[in-house]
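Q: My questions will all concern the structure given below.
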């Protein structure tokens, strides 16, 4: 086949729209390279040989300074928003703690618990033998939850000489905000590596800040696990991008692989959903391997980094069976096993290779589910079954009456991505270059994949690849599939959009500032020019958002927490909603019946039982259930009992009615097998103080939002009378 350079008559240079093995033009005028920000980090030494090392150093220093500055700017920005939204520095300590809503308060309570312990050893012992998080049970918090970051910060706060001028809560939130600096720098590096231009890194950082509403929610959900883990995930993506660059020296590959391992390990250690994110990433690597974009060494190395990270976390979490039973481990083992024994996978013509890949994929998936099913049976693992129930119900394959699945399905965060997200992304001029880059590179990926599958796997394969008109670098291919796969995940589940929108910024910046992408555009349009323009999105005024001052105001919750702290025994056990109980543990240290960390089958069942306080159940039945979990007090919330936030069928009381087989409240259709409940709704009927409610419960606290009742313990005589 006649090559492109033969048709053009060029001497040794391929002017085609290739994104393979493109390097900075070190022979160009140094001022021109500096003006465009063109500088390849790993190839600066080759530039130095050409006599322009000082320009290279200046380019690296300038880019690094810009990247760090943007990271610090983002950190200061979100910290300012947090302060202005709550007036955090001027409110009481109990109000600061209440601001850690839902599971955020639960995680922060362990940081507080570690600091209150007489010693680090005693604090660790109390976490390993915890009997306050779940009443009548002793659990290992370090095994059950991903809270090593709280443990590490508490130890760091103890040993650093900062106690006199920095409060513990500020040390905690400033650390989380500082991770935003790491996040922005990681995005900066990814874009710089893809485009060989630090201007792309600067653009990605600016876009991240401008799209804060859709790229992070750290300023109001500080303790969420994703705010700890996603910055490390972005570092891992940057490290993988660097590792997949062409012509990387072996010593550099080993160093980068260690960076991949460390960042993957930190990501896995800080988020319980790590296995699902790594599964998506493993599928990306598998796809690139099948389409012949990666070498066998690269595929095996990346798989092993994931496996080693998960196994190390498994050890640190006291052999948490949820990790061994994860789909990603089963998938990686299956992929490596089948790859080892299925020889000749990349040989033959196009039709033969496609057939082999189809068989290979089928074998890997079959073995994956077989291994995973067997592992869960052997380990008797049920911790993550609620997630698979949710996935099946979301796509119409599971029972919609399941209480656990319905809790997720009815939350907006687990619904489809709202369309107004794209309006906001378009308003900052991020969406348009992103879609253009995505479209062009995806078409190029298909062309290159077809070309790769058309080769016969002979010794001439590498030479044929060099002569192709259309080529794609492995690092570009990885980032393309990364944004596609995680984009699909974000479309299906809104909460996962933060894994996608952050990566949109460096990917779109690569399209805007990457010389090879513009060359591809111009080549497709049959244009030929050496000049390129780098467009920045229109800046929006951030000062209005920063200058908007608010104040934390929740007097009813503050009053409740103060009453519990002052008027109830320290070992009193409280029952109620998961979200409120997390705050009670943080603010008062009282014992809980249930909590928001839902990754335990026994806890999910207990939560469903405790939530009968909002169902149509008799006073005797509710009292019996609460006594079985050791509750001394129940806290009823009017916002749940008379909920209007969700539509009919998604209110908590509706979910309980459906799970119990009862007809729901209010006008609307009901399924024919549902029956009328024989008892009134407990949370409403108990307020009448009529028998038998007054016999079994005593109201001890009330305000406009909360009602607290103390359980009356049945006398032994009554128990004997009810006995056989």
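Cβ atoms are placed via backbone N, Cα and C, with glycine included.
From TrEMBL, for reference:
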COMPBIAS  1-10  compositional bias 'Basic residues'
REGION    1-25  region 'Disordered'
TRANSMEM  52-79  transmembrane segment
TRANSMEM  256-273  transmembrane segment
TRANSMEM  307-337  transmembrane segment
TRANSMEM  357-375  transmembrane segment
TRANSMEM  429-450  transmembrane segment
TRANSMEM  476-494  transmembrane segment
Q: Residues sitting near the transmembrane segment (256-273): Cβ under 8 Å, six or more positions beyond its termini, same chain?
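A: Apart from its flanks, the transmembrane segment (256-273) reaches 145-146, 148-149, 225-226, 228-230, 232-233, 235-236, 239-240, 242-243, 248, 301-302, 305-306, 308-310, 312-313, 316, 322, 597, 599.
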Q: Can at least 3 Cβ pairs under 8 A be found between the transmembrane segment (357-375) and the transmembrane segment (307-337), with each pair 6 or more apart in sequence?
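A: With 3 or more qualifying Cβ pairs, these stretches touch.
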Q: How about long-range neighbours of the transmembrane segment (307-337): same chain, 6 or more residues beyond its ends, C-beta under 8 Å?
A: 128, 140, 142-144, 146, 148, 261, 264-265, 267-269, 272, 274-276, 278-279, 282-283, 286, 300, 363-365, 367-369, 371-372, 375-376, 379-381, 383-384, 599
